[in-house]
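Report on the following structure.
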Amino acid sequence: MLILQLYTESAYTRVWIPDPEEVWKPAEIIKDYKEGDTVLHLKLEDESTLEYSIGPKDHALPFLRNPDILVGENDLTALSYLHEPAVLHNLKVRFLESNHIYTYCGIVLVAINPYEQLQIYGEEVINAYSGQNMGDMDPHIFAVAEEAYKQMARDEKNQSIIVSGESGAGKTVSAKYAMRFFATVGGSANDTSVEEKVLASSPIMEAIGNAKTTRNDNSSRFGKYIQIGFDRRYHIIGANMRTYLLEKSRVVFQAEEERNYHIFYQLCASSSLPEFKDLTLMSNINIYHSDTVCYAGVKEIHQVSIFKVIASILHLGNVGIVSERDGESCHINRDDTHLHHFCRLLGIEQEQMEHWLCRRKLVTTAETYVKNVSYAQAVNARDALAKHIYAHLFDWIVEHINKALHTSTKQHSFIGVLDIYGFETFEINSFEQFCINYANEKLQQQFNSHVFKLEQEEYMKEQIPWTLIDFYDNQPCIDLIEAKLGILDLLDEECKVPKGTDQNWAQKLYSKHSKSGHFEKPRMSNRSFIVVHFADKVEYQCDGFLEKNRDTVYEEQINILKASQVSTVYFLLRIKLNGCRQNESPSNAGPPSATSKTSKINVRAAKPAPKGHNREHRKTVGTQFRNSLHLLMDTLNATTPHYVRCIKPNDFKESFVFDSRRAVQQLRACGVLETIRISAAGYPSRWTYPDFFSRYRVLMTKKDMTIGDKKQVCKNLLETLIKDPDKFQFGKTKIFFRAGQVAYLEKLRADKFRFACINIQKTVRGWLQRIRYRKIRKSAITLQRYGRGYLARRYAEMLRLTRAALICQKQYRMVRVRREYLRTRRAVITIQAFARGMFIRRLYQEFLLHHKAMIIQKTIRGWLVRKKYLRARYAAIVIQCFYRRVRAKRQLKQLKIEARSAEHLKNLSVGMENKIVQLQKKMDNQSKEYKTQNEQLVVTNTALGSEVTKLQKEVETLRSRQTAGTQVTSLQEELEKLRAELQEANAQKKQIEEEFSNEKQGLEQRVEELEKENSLLKKEKEEMNRRIQTSNQGDVSQKEIRLQVELDEERQRYQNLVKEYSRLEQRYENLQEDMSSTKFHPGHRRNHSNQSSLGSDSNYPSINMSEAGDTDDTIQQVEEMGIEKAAMDLSVFMKLQKRVRELEQERKRLQTNLEKVEELSKHKGNEPKSSTSEDDINADLAYNSLKRQELETENKKLKNDLNELRKAVADKASDNNSSNELQEGYNLLLNQLKAANEELDVRKEEVLMLKTQIVNSTRQSENINHIDTVDAPDLKNLHPLIPYCGMFVFRLLEAQLQTQSRQHKDELEALHTQIELLKDNLEKKQEMLDHFSTLSPEALVEFSVQQEITRLTNENLDLKELVEKLEKNEKKLKKQLRIYMKKVQELEVSQATKSRPELTRQVTVQRKEKDFEGMLEYYKDDEALLVKTLITDMKPNAVSATVPCLPAYILFMCIRHADYINDDQKVHSLLTANINAIKKVLKRNNDDFEMTSFWLANTSRLLHCLKQYSGDEAFMTQNTAKQNEHCLKNFDLAEYRQVLSDLSIQIYQQLVRVAEGIMQPMIVSAMLESESIPSLAGVKPMGYRNRSSSLDCESGGPVGYTLQALIKQLGQFYTIMADHGLDPEISQQVVRQLFYSINAVTLNNLLLRKDVCSWSTGMQLRYNISQLEEWLRGKNLHQSGAVATLEPVIQAAQLLQVKKKTSQDAEAICSLCTALSLQQIVKILNLYTPLNEFEERVTVSFIREIQNRLQDRIENNQLLVDTKYTFPVLFPYTPSALSLETVHIPASLSLDFLTRV
């Protein structure tokens, strides 16, 4: 396709046009361009139009702009259009908008000085770039350094990093960071700290070689090339430094606003220090410290001399030279203090120096004479001497630094860092600028050839035809400078002429090189010349060229310095010159001295100068610089170069200000644009076939997609789309495109997407319109339906209202008529009622009077009768009481007599029971009779009452008739009185009511006020309580948080110390191994047999028990000292311990002798026994043997029963039954087991008793039968059980009698208690009977009911108590049941078979023996074997089918036995050997996760056992009674617990380190690169770095890991930890740490990679994180805090996906990203890259708004996450429920030497 087709309006083409201010400015074509048009119509950014003239003589077509999607690319070669404006714009966008200072340009790293300290050079960034390919991460100086380091290791070829640029562009800083990277990544293997010395040399060289200029505050005024040497393991072993062209003229002259070298100001600032008082300097500048000087290899003795030399140079510059009147001579004042200080500091003669500063010696062939010099010549000579001294001091310091960095180890390879001046052009350019630009010409030539070579290799590797690319060759310019009769040759020739001048040299240049294309003569000057360099034309002033090239110093002054009394000055000059004379090594090739030929001249001789002396300095500065430059180029050509071009963005040193004109000048000067031009001349755009297929498959047809070969599909597509075959080439793995072709393909792709978008929009809009039409139609129908319904409802409502109105009228009329009728009827009824009432009331009053009279009569008569009755009743009761008292006394005497006999009491109780029953029955009968009589009385009473009422009515009628007349008046009077009283009572009532109402109102008001006050007080109280509570809670929570943070920090600090201790210990062991390896000689060498490998590494105190002394003396000493004092004396205590052990051994020896005697007595049973004691012993032995046999048989039976029960439980557990069935089965098992144990005990005793009785009876019968036939001596031969049987029978009878007596006593006590109870019952019942007899029938009933209620209440209380007891028992049983269930589960777990089919199950928990106390005994000699078997040779698979942490249990059981026998040496030796052996095993398997996890589990379990059985109550709360019995008795192992805790921390850190090392290569690929959601990620055009040799093609490229592989690896880690029995809390902490590592590595790569900061990556990342969270939930680890560690990367993924346009979006981002710092948020927003043209970039204003919103946030300024951070580990105390006596040792462990105790 023709490129002209892109210059059309329809293509939305944008171009670049030249601009005098901004160099290039953008524009857009508004009218199609046709071939032959002379004008191109453009629209600028300010919407103004421009007619851009085009023509072959005027302007060519403007440069095309790249698509927005490519703007801001990491690599400039990834741009579709490669030209100057594209490069400049890309750098500007990256620098200003994204604040990225690094950009790739092919093989060049362009570094722009930000003039601001950036947080992108920390150790975390170094770790992030270490091991990464160069194109994988964002551009960085560390990426270039890593590429050089990787190629050195992979290709075994030396490397060079060439850092160049203008002064102030940041060359020195870039070189410093590169060396820091090498020092961090390739640190020295031993403790020589070479890398620290290399870094320490930088501040020294900056002090003596850097100065402030107008362009840079710390400008390097010399060039240096540092070679960093590496060994075969690629560790730094040494370094060497070469320097080039020190600017000596700065010592005596500085331009305006510039300064001298830093060392002078630093020394003056330190003049007030005591050690610098002798220098007599005064100033107020920054203080300079000499610590780094000493560290770099300069001794303190030499430091003082160096400072004296520097101070002498300062004084020499202040020496006042006075001109004479004739002008031909001069002199120095005698009292010149500066000359005095100069001579004093250098130790030279002041008179001689004063003389020769103003004179010089002339040597001719005939004679030698002294000549005065003029003032100007003397000043020049003084300045030359100062420059000479400083130059030699500079070289001397460099030489000593090289000696300090030198190593005797053989160097395998090196990486050189060249920090050299860039191309310079000033208003006045002199000899220094000429040499600098000459060096840059040589470096540019090497750079061009290397770039061309790489392009050629790329084409050859891909096997595509290529033609020679025309690139700029600056060899003619180089020949102009260094060829024969070149500028340098003519300069040297003029220097040899006795009276040569700069003007003569200039005329020679004009005449010789006027025809050269690279040489020009200025029009207006005869003392300057112009050289056309590759970067620009530079005009050089000839003044001073000859003097600087000669570098002349008078030999008389040098001889005076050689005679110095200061040794350092002597060696500074003498040895240096001799060294140069012997070997002209360019390693320190600074500006050479031209006056060294005077080193052997005798001032007194008048002889001709020796020729040999002249040969020493025949080389001028220019010649030496040319030779050293050639040597440097040979070194660079022998290495693989890497280029760093530093750019200075502005001349004002302002941060992030970009001056386009200055940047373009430097880009042209440093060769970046030349790289672009070379790349654009060939095939700059290159795609791999898969990437091209993925990117441009939208342009393919369905037919093309069916072809399986992607390469063929790409070929077919390109042949269809691009007709010109020269525009692309097909390589083996890549497709090569000419410049602009990728842009054309991108345009076609964009058009395709645009057309597809239009179709999609058309379809979607039609679909939306159809939906809208349907909605409108549906809405209209709905409205019509509702409208019609509304009208119908209105009509129906009208009909309903009409009908209702008729009904209302009808009802109203009816109601009105009915009301009239009812009113009339109510009036009639009211009149009738009042009339009838009046008559009835009159009749009622009459009846009322009669009734009152009858009541009065009835009351009086009744009172008289009752009074008489009560008097008679009281008399009868008194008589009865006296009589009954007499009878009761008689009966009491009789009862007391009878109560003294027990039989009587029994009979009495039986009789009383019968009497009580009879009385109860009698009471029931009486109550029944009483009820019937009451009923009859009620009936008769009602009948009599009715009759009485009748009679009373009759009497009243009669009385009313008689007294009617008299009573009316009295009644009226009484009525009036009653009315008056009633009125008074009403008045009082009203008054009282009023008072009451008033008082009530007052009280109510008071109550309301009090209630209000109370409510207010309550509110205030609640508010105060709430405030107090909140403040307390806040304070408490803050205190808790603060304490927790302090605890975590302290724990972290302690664990870091433990980690550092382990590291130092490891380093010490490595040094020991290195020493042993270096001291090794061939042949057999014997090790010391008296050194234990296990004890050599012990760090714990031990006590030599052999020094204890004699124990008898010790006991005597204890008696003399006293117990308390002796307890404080450790030696006495240890002696007593030894005595106790000796007594224990003696006891064991006696016991063994006793057992031997018993065995002998068994064998000699037929021999005669002479004493009764022997018979007793034999009887006991027989009984014991019989009992042992019986117990063995019973034990076997019980074992069989128990095994059957265990099998049943295991079968029951293997089935998937419910928990209820399991609980029932377990209860059944427990009941059976208890019953079996009880039956066992009973049967044992019964069997023993029966057997002894049988044996006894048989022996007695035998004795009776044979008593007559047996002689007296034969009685001794009777069975030994005869005496025992009699003794046993006696014991048996005695026991029976005792049991019977105890039974009788119990029976008597029970009878006594029964008697007392019966007495109490009798008394109570008697009282009840007496009470019953006095009660009336109604009271008797009530009393019986009350008694029944109390009885029921007591029973209820008893039942409640019984229920409470039952509930308590139930709780206890439930608790026991839970314990038993836990034990059953442990039993099931221990008996469950593992999933490994090849391993056979080993029974680990067996029936404990009765004499096994959970201890293991071993001999001291077997300790090494125990450690070797259990630790050194132990494999995790060997105990995989046993109890988890079995080695820990075995070791603790051995420790328990040592504690049991009170052997502290054994305890100490065993624990020390175990700890050292574990350390050695972990060191040997330092990268084995399984072994590390195994020993972490065992070490922590051993630590828990030491705590659980320590005897400390805090650790015994969950122990069983048996476990408490197993506690340690004699030793407190708290110190060893601390040691084991530290060891556990070290193992944990190693476990995390191993796991992170395994996961490290997987994280980035799994989290960011693998496509968990297929076809979501896009592909963008790649740059050179993504297709360069930085990738290891031989190994097939980097291995890609998927997310499933990462999750699988995490699952393996968790499974291994769970299988080894590691505590779940520790496993959760390991998982949390691993998730933190995933978060840190992922986020760091996200922050350093522009290609992954896109919306699709955010989607992939969120999906991957959700998968990790799902894994955590599946493993029940969601409470471990691992999800919280992923919060930063979660928020980063959300940040990539949220909208980033408006202020609301900014507010949402600020509230969302709480776990990200401001730097991280801004970095992600700057890196955000759209993968398609339809996405929008994040604007600078939006990022600024985010910064403004978050500027007050207090946070860490660190950009990257610390990948080496480790959470403080906490080992919670988890006691084991396993009893030690149940632990079984498998036979496969070969621990037969252990004895169960």
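A Cβ is built for glycine as well, from the same backbone N, Cα and C atoms used for every other residue.
Annotated ATP binding site per TrEMBL: Gly165, Glu166, Ser167, Gly168, Ala169, Gly170, Lys171, Thr172, in sequence order. Summarising the environment of Glu166 (ATP binding site), the number of other Cβ atoms within 10 Å of its Cβ, over all protein chains shown, is 25.
Taken from TrEMBL, the feature coiled coil covers 1188-1253 (among others).
According to TrEMBL, the feature coiled coil maps to 1294-1390 (among others).
What TrEMBL records for 582-601 (among others) is compositional bias 'Polar residues'.
Taken from TrEMBL, the feature compositional bias 'Polar residues' applies to 1089-1105 (among others).
Look at TrEMBL and you will find 1157-1167 tagged as compositional bias 'Basic and acidic residues'.
Sequence annotations record features per position, and here TrEMBL assigns domain 'Myosin N-terminal SH3-like' to 10-62.
TrEMBL lists 71-750 with the feature domain 'Myosin motor'.
Here TrEMBL flags 1472-1752 as domain 'Dilute'.
Residues or ranges marked as region 'Disordered' in TrEMBL: 582-618 (among others).
Taken from TrEMBL, the feature region 'Actin-binding' applies to 629-651. Sequence-distant contacts of the region 'Actin-binding' (629-651) (same chain, six or more residues past either end, CB-CB distance under 8 Å): 91, 95, 105, 107-115, 141, 144, 147-148, 151, 155, 157-166, 168-171, 174, 178, 215, 225, 242, 244, 416, 418, 422, 438-439, 442-443, 446-447, 450, 586, 589, 657-659, 662-663, 666-667, 670-672.
The annotation region 'Disordered' is assigned in TrEMBL to 1076-1109 (among others).
Annotation comment: TrEMBL describes 1157-1179 (among others) as region 'Disordered'.
Mean pLDDT, taken over the coiled coil (1294-1390), works out to 72 on the 0 to 100 scale. Remark: of the binding-site residues Ser167, Thr172, the most isolated position is Ser167 (fewest other Cβ atoms within 10 Å of its Cβ). Those residues of the chain, other than Gly165, Glu166, Ser167, Gly168, Ala169, Gly170, Lys171, Thr172, with a C-beta within 8 angstroms of the mean position of the ATP site C-beta atoms are Asn113, Asn216, Ser219, Ser220, Gly422, Cys646, Lys648.
Cβ neighbour count for Lys171 (ATP binding site): 27 (other Cβ atoms within 10 Å of its Cβ, all protein chains included). Counting residues of the region 'Actin-binding' (629-651) by DSSP class, helix then strand then coil, yields 9 helix, 8 strand, 6 coil.
Shown are the binding-site residues Gly165, Gly168, Gly170; of these, the residue with the fewest other Cβ atoms within 10 Å is Gly168.
Taking DSSP states H, G and I as helix and E and B as strand, the domain 'Myosin N-terminal SH3-like' (10-62) has 0 helix, 24 strand, 29 coil.
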